[in-house]
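Annotated in TrEMBL:
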type	residues	note
TRANSMEM	A:86-103	transmembrane segment
TRANSMEM	A:109-127	transmembrane segment
TRANSMEM	A:134-151	transmembrane segment
TRANSMEM	A:163-184	transmembrane segment
TRANSMEM	A:196-214	transmembrane segment
TRANSMEM	A:243-264	transmembrane segment
TRANSMEM	A:271-292	transmembrane segment
TRANSMEM	A:333-353	transmembrane segment
TRANSMEM	A:365-387	transmembrane segment
TRANSMEM	A:399-417	transmembrane segment
TRANSMEM	A:424-441	transmembrane segment
TRANSMEM	A:461-489	transmembrane segment
DOMAIN	A:513-636	domain 'STAS'
Number of protein chains: 2
Amino acid sequence: MGNNDYAYPSAAAMNVECVQRVAIPPPQPFFKSLKCSMKETFFPDDPLRQFKNQPASKRLVLGLQYFFPIFEWAPRYTIKFMKSDLIAGITIASLAIPQGISYAKLANLPPILGLYSSFIPPLIYAMMGSSRDLAVGTVAVGSLLMASMLGREVNPTENPKLFLHLAFTATFFAGVLQASLGLFRLGFIVDFLSHAAIVGFMGGAATVVCLQQLKSILGLEHFTHEADVVSVMRSVFTQTHQWRWESAVLGCCFIFFLLITRYFSKRQPRFFWVSAMAPLTSVILGSLLVYFTHAEKHGVQVIGELKKGLNPPSITDLVFVSPYMTTAIKTGLITGIIALAEGIAVGRSFAMFKNYHIDGNKEMIAIGTMNIVGSFTSCYLATGPFSRSAVNFNAGCKTAASNIVMAIAVMLTLLFLTPLFHYTPLVVLAAIIVSAMLGVIDYEAVIHLWKIDKFDFLVCISAYMGVVFGSVEIGLVIAVAISVLRVLLFVARPRTFVLGNIPNSGVYRNLEQYPNANHIPGILILEIDAPIYFANASYLRERITRWIDEEEDRIKATGKTSLQYVIMDMTAVGNIDTSGISMLEEVKKNVDRRGLQLVLVNPGSEVMKKLNKSKFLDEIGQKWVYLTVEEAVGACNFMLHSYKPNHAHTKDESEGWNNV
Amino acid sequence: MGNNDYAYPSAAAMNVECVQRVAIPPPQPFFKSLKCSMKETFFPDDPLRQFKNQPASKRLVLGLQYFFPIFEWAPRYTIKFMKSDLIAGITIASLAIPQGISYAKLANLPPILGLYSSFIPPLIYAMMGSSRDLAVGTVAVGSLLMASMLGREVNPTENPKLFLHLAFTATFFAGVLQASLGLFRLGFIVDFLSHAAIVGFMGGAATVVCLQQLKSILGLEHFTHEADVVSVMRSVFTQTHQWRWESAVLGCCFIFFLLITRYFSKRQPRFFWVSAMAPLTSVILGSLLVYFTHAEKHGVQVIGELKKGLNPPSITDLVFVSPYMTTAIKTGLITGIIALAEGIAVGRSFAMFKNYHIDGNKEMIAIGTMNIVGSFTSCYLATGPFSRSAVNFNAGCKTAASNIVMAIAVMLTLLFLTPLFHYTPLVVLAAIIVSAMLGVIDYEAVIHLWKIDKFDFLVCISAYMGVVFGSVEIGLVIAVAISVLRVLLFVARPRTFVLGNIPNSGVYRNLEQYPNANHIPGILILEIDAPIYFANASYLRERITRWIDEEEDRIKATGKTSLQYVIMDMTAVGNIDTSGISMLEEVKKNVDRRGLQLVLVNPGSEVMKKLNKSKFLDEIGQKWVYLTVEEAVGACNFMLHSYKPNHAHTKDESEGWNNV
């Protein structure tokens, strides 16, 4: 539609001013535009939309339902739902009990804390959470992180009480951070952990966690407190004489069993419960084995006594005045962010499957409240782990009620069944952790990243290496730093293209992507692919000059029509700041001195507003701003063929300077 | 050209596959694309371009000229140039001598260092610098920064020798940093100091410097070592009884004289030499006054003895093993960056006037070398101050030879004239500094920032406040942090628009900017104005969902054709990462479930490549990717009016989920 011949009449028509011009948006009062941009920044999902035009009573109900989604789904709850949730809840409880104990051991905390943390937090989440599939509980990475960060200050074997209290305090601060991120609508901070960073980070953490299990599997008494691969390997191979083969054999058998069941369930999704029940089965088998063979006397370490009874209150245990306060806060902040990232990502992915919406900020408030309350009731950091939520989903859960079922099952265990875990060998717990962690190392995702985006791959691998060879925090910092660097680099080094005309159309596209597009003689069309900011203003000035130089060289070599017009397509320039405007002014001067004419195409509303305010529009002349490249080229061609541009004298004038 | 009616045939034509498709760029080997992007990042100006296709001898000459531009301009030097440079050189020397002494006092260094620093560095710069207008010398902000940062560790009155040595060491590190930024092509780091940040920062520093002069002007003996406004004001007003009126009167007279001459020269640019000579005149007048009235005995402090002779070597004075090393390094890095930013910006702006090119990285090497050599020869931090360069420019300098003339004039002063400065009152130096600094506070630029870009204004004011109420470093950090935050926020919260058809054309533009553009019934056209990255992927998912919701609400309210197509114009999406692709997949699923069809328009080469590799193109179907919005709308309209889309059944299927 429309070729160059077609474009001429419109260019001619333009001279009689009947074509649509690039609009300058009407000026807006400062506070209105401030309010508008604040809203876009902090309330992009417009959470108050449903409250509009409602009576006060309805608003109250909606508000209650907003903060406690249980009031929304409970009235519609049916027997059919209940049946599904019951099955799902019992299934995840059977997974939660052994995993909870294992992860508490990983965090160097009393094993019973794992059960406590699977009782209160799920109840809170069931009331406040908006995900229907999230199964709440402790996570391996959070546990490891807590053990390593707190362990650097306080030795958990020498001073278990202080360590425990610091863990509660850290959980409290994690909850406060999570809830306030949600309340202050700062959820987007979590977005700065890119998917690639999380894959690498999780993989690294899983590797580190697996390596830590060598302690239990090999039955070692002494072990390094460091988490990096070098320290762990040194610790393992300097005490080869201490390895216990009984423990190792048992461990390998259980890992094999767990992996086999997982593989089976993956192939046959109907039998999801096989892999879900496997950990509990392992625990029972392991405990029976130890009980009957008295293996605890032959070097197989067991859990020992677990206290009966529900969560004791721990609100008085929180430490707010202590030399270790800052450690607790730091641990809380880092574990809180990591836990949040996992919880939100898991909730969101299952919501996608079932096509319902999750409000990230609301979820943060729910997860945060659950950790604050948890820290008052002897729980440590909980979130929505992927493995457990996947089992919940596969088991057919319908609402968050499955969490309530799980909590009740855990409660019954706490009240009556804890003595049964006395003989559970630690090596079984290690096997459960290893098999869970092997599922977290997502090498397929890494291959996918390599194929599609090398930079994402770099982020992922750096995060992995940082975690494995440094520490979890180092990995985290590296991943975030590289991700942010990428964003800055994108803005600092935006792509610029030369556009050409696509044959038989009025469309102008990047010559690199469309090799069949044609140069327009005498006209250089440039496209800038990013906002023009201080960070890229000098780069763009250099680059545009270089494009013009190269075009002039090319023309010299081919001996075609000399360059007369430089058209800048501003379609993709989303915004401009004062440095950017100065840059345009400099480019304009530079282009003028070469005796060329600068033409702008389609500046956006924000850019147009600023160009107008800064008088650049008057400088360049409104008539040199066109709505489309086609119109601009038409106008330039029209003038090229009818008369020489009237600014040719500028060239001679500038010659003098060049000779200096 | 082309309206909707016109668009139909093309849509029909498209079905017979004769229209240009969106091209997938040919795959490039990994290392080639890596090399290419490295080149764009570090060598955007292609500095080796002139070396291509040249014989070895020519390359040697070009290389020499590249690092020592003096070899380029010296052979072409004429008598006419020499005359101009001589006048300019003498003019700037008359400014440099009093300013040098003043700034050295400001830095708490021996006044003679100001003269030393105006002798060696200009000679080095004359050989290596590529600016023809930069006049080299010390700067007020750099001097103040050095005094305050080093002064925090070492008291300059109690331990002047150590302080001096640390100043040389800091200068050395500043030079090393500057030269290595240039050598490693990292000049773009300086770009992260935006123009707005520099205006605020310089204004704040000038305010602080002016306040510091109250010490000399009021003739106070004791004064705070802090630089912030609160400490200074407290220091001034707690010793009102110590104020010396003789000193104050003298100071005010000289400030008035200097401001008057500057005002006059500004109005009459022909008489630029009036303001250029004013400081030297003030010094002579002040010295004569003190000499004849013996005012030094009545509370007017004087410079005292200045050692005759050229720069003594100071290479052995550099401190590399000392508890103060880190302070010296930190001071060097910060002052180095600030000095660099000023030097480069000044060089660039004068180069713009005269239309020649300045290579930022080359300039950095020149300024860095000049400071390294300076630190070996008893000089402290030098760069290209704006005031002196402006005088140089107005005096009609033609090449860097004016710096050589200035250096010779300073050399003669050092050899023969230093005793003349014995009676120069400090209050005159203070007056010179105040009048220079009042010119640096660029309130007009601040008003300009407020008018054009509120965010830049915020950056500027924060930098100012940080410097005035905190310290120079705090101001710097605040300014850079806010600037970077802005870039991140731009990427995290990109703008999205709904497009409409501009009447009587095939052009689709943002409805906000073009209120007369028309909605197309049944089609929602969205434009995304930024690369799709991890940082904005979840925001965009929310925002796109909200656009669709709002459009459906609008349609419900008006009762028009129901929504069938969502067109996403990807023109402005410069890049996409794996998080972005997942986001698109989720949007696609979401749109599918609502029974709508997603259509992409004009993805760029990078985006197209990644969409292809990640199989998203196959998922959406190549036929739903169009080159222009016009074509896409044409095709959608064609199908809307000929038959119902064949994916309507998806809607019913998804209903089940929604009821859960």
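For all residues, glycine too, the Cβ spot is worked out from N, Cα and C.
Just so you know, TrEMBL annotations are computer predictions that nobody has curated.
This prediction places the mean pLDDT of the domain 'STAS' (A:513-636) at 89.
Assigned with DSSP, the residues of the domain 'STAS' (A:513-636) fall into helix, strand and coil as follows: 66 helix, 22 strand, 36 coil. Residues 69-70, 73, 77, 81-82, 85-86, 88-90, 92-94, 96-97, 100, 112, 115-116, 118-120, 122-123, 125-127, 129, 131-132, 134-136, 308-311, 392 of the same chain sit 6 or more residues outside the transmembrane segment (A:399-417) yet have a Cβ under 8 Å from a Cβ within it.
Of the ranges A:109-127, A:196-214, A:243-264, A:333-353, A:365-387, the one with the most Cβ pairs under 8 Å to the transmembrane segment (A:134-151) is A:365-387. Each of A:86-103, A:109-127, A:196-214, A:243-264 was scored by its Cβ pairs under 8 Å to the transmembrane segment (A:461-489), and the highest score goes to A:196-214.
Between the transmembrane segment (A:333-353) and the transmembrane segment (A:365-387) there are at least 3 Cβ pairs closer than 8 Å, counting only pairs 6 or more residues apart in sequence, which means the two stretches are in contact. In this chain, the transmembrane segment (A:243-264) touches the transmembrane segment (A:424-441); three or more CB pairs sit within less than 8 A of each other, excluding pairs fewer than 6 residues apart. The recorded stretches the transmembrane segment (A:365-387) and the transmembrane segment (A:109-127) share 3+ CB pairs below 8 A when only pairs 6 or more apart in sequence are counted, and are therefore in contact. Between the transmembrane segment (A:243-264) and the stretches A:86-103, A:163-184, A:271-292, it is A:271-292 that has the most C-beta pairs under 8 angstroms. Within the same chain, the transmembrane segment (A:86-103) stays apart from the transmembrane segment (A:163-184): fewer than three Cβ pairs sit under 8 Å, each pair at least 6 residues apart.
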